[in-house]
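These notes concern the structure reproduced below.
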Amino acid sequence: MARTKQTARKSTGGKAPRKQLASKAARKAAPSTGGVKKPHRYKPGAVALREIRRYQKSTELLIRKLPFQRLVREIAQDFKSDLRFQSSAIGALQESVEAYLVSLFEDTNLCAIHAKRVTIQSKDIQLARRLRGERS
């Protein structure tokens, strides 16, 4: 076979493989310890943000119906015994209570942000109620 002259070609910019450090090579060569896999963990705050988005989208009631009904009956007993409630009345009470709590927590969060915090505290709730005129 006749020898042919080789022509010069432009390089494609590929890099030559580099030598691995001894510690990396040792880590790759060593077998994994017992095959125990760590459970997957989300970054701090990621799950909380997902829950916030989920509950902001939803419209269902968040307080369970029967415990709320027992609480209403217990409070009503202090005013008059043997009171009866329509189920629609309990439902209306629960809707209004949850709407009140959501708006209170929104105002409480604003108070915490104003204090340059991200965690709400009892003093934030007290301030929000005081600004609303609910408590002197």
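Even glycines carry a Cβ here, placed using N, Cα and C.
According to Swiss-Prot, the region 'Disordered' annotation covers 1-42. As annotated by Swiss-Prot, N6,N6-dimethyllysine applies to LYS5, LYS15, LYS28, LYS37, LYS80. Marked as N6,N6,N6-trimethyllysine by Swiss-Prot: LYS5, LYS28, LYS37, LYS80. The N6-acetyllysine annotation in Swiss-Prot covers LYS10, LYS15, LYS19, LYS24, LYS28, LYS37, LYS57, LYS65. The phosphoserine feature in Swiss-Prot is assigned to SER11; the stated evidence is similarity to another entry.
Swiss-Prot feature annotations superimposed on the structure.
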residue : record               : DSSP (3 states)
LYS5    : N6,N6-dimethyllysine : coil
LYS10   : N6-acetyllysine      : coil
LYS37   : N6-acetyllysine      : coil
LYS57   : N6-acetyllysine      : helix
LYS65   : N6-acetyllysine      : helix
LYS80   : N6,N6-dimethyllysine : coil
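All chains included, 5 other C-beta atoms sit within 10 angstroms of the C-beta of LYS10 (N6-acetyllysine).
Annotated pair LYS80 (N6,N6-dimethyllysine) and LYS5 (N6,N6-dimethyllysine), C-alpha to C-alpha distance, rounded: 109 Å. Once Cβ contacts within 10 Å are tallied over all protein chains shown, the modified residues LYS37, LYS57, LYS65, LYS80 are led by LYS65. Rounded to a whole number, the C-alpha distance linking LYS5 (N6,N6-dimethyllysine) with LYS57 (N6-acetyllysine) is 72 angstrom. Cα distances from LYS57 (N6-acetyllysine) to the modified residues LYS10, LYS37, LYS65 are smallest for LYS65.
A sphere of 10 angstroms centred on the C-beta of LYS5 (N6,N6-dimethyllysine) encloses 4 other C-beta atoms.
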